[in-house]
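Taken from TrEMBL as is:
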type	residues	note
SIGNAL	1-21	signal peptide
DOMAIN	162-269	domain 'DUF306'
Amino acid sequence: MLRSFCRALALVLCLTAPAFAEVVTLQSLATGQPVGRDSAGLLRLGAGAAVPMEMIRLDGRRVAFRDPASGLFLRAGIGAATEMALVSPHIRGWETFELWDQGGSVSLRSVQSGQFVGADGRGQRLNATWGSAGRAQQFQLIPTGAAPRPLPPRPPAAVFVGQWRVQDLYVNGQSQPLSMATRAAVQLGIDRQGGAQGNTGCNAFDGRVTAEGGGHRIGGIMMTRRGCGGEAGQVERLLLEAFGATRLLEIQGGRLILRGEGGRLLARFAPH
């Protein structure tokens, strides 16, 4: 009985002390659009200005959202599609969400339905009908008054995923001579999350491939520190320079091509 009373008292204090609530807006991770409110009062991506909401922390990862102007709470059970609006005078199951940290973004899971909040494209209404939390069900919490955050780097397209071995390295557009042993030893693997692992022919390395705008970057390279001389040292230097200068990945004739500024050819890899 005492425990129930204390929890109820804590909730009352939370709801009667708005100064302790964090005012935020939501920004879709998938589209970069802010969450606004359409003419029907439902939350929609890109519908006018971002809607500020007081985020009230309840218990553990559970939160509620309140309209600072009207005092009404966000409800996830509007209509058959369980769409969302700031219409509720109380906090119950449909007004309570679990806040899941996704590493730079968050997902919201309706306590009532057990489904995640999301939208399936630009300009779409939010609803709580998703069984898992992909990019379309992830949001960035933007403190009121802060500029929209740039979208975090995206993993590369699935077409680049796989194991590759070097075929050619280029300097000023000219292919450099590589021995058969070097072509067999220099390897690059790209996974679905954008992780890049491989070997320069002398040292093992680990990094990331990210999609940025219409191009790509290879960065965050960490390596073992074995000393490399002769051809192995020269190839490692050329390979790392190619990674640092890469602005675009593409597939041509089944080969992975690395290009720099202006489409300059840097490296060519064949499937392993």
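Cβ from N, Cα, C; glycine included.
In TrEMBL, annotation is done automatically, which means it is predicted and not curated.
DSSP states for the domain 'DUF306' (162-269), grouped as helix (H, G, I), strand (E, B) and coil, give 25 helix, 54 strand, 29 coil.
Looking only at the domain 'DUF306' (162-269), the predicted model's pLDDT averages out at 92.
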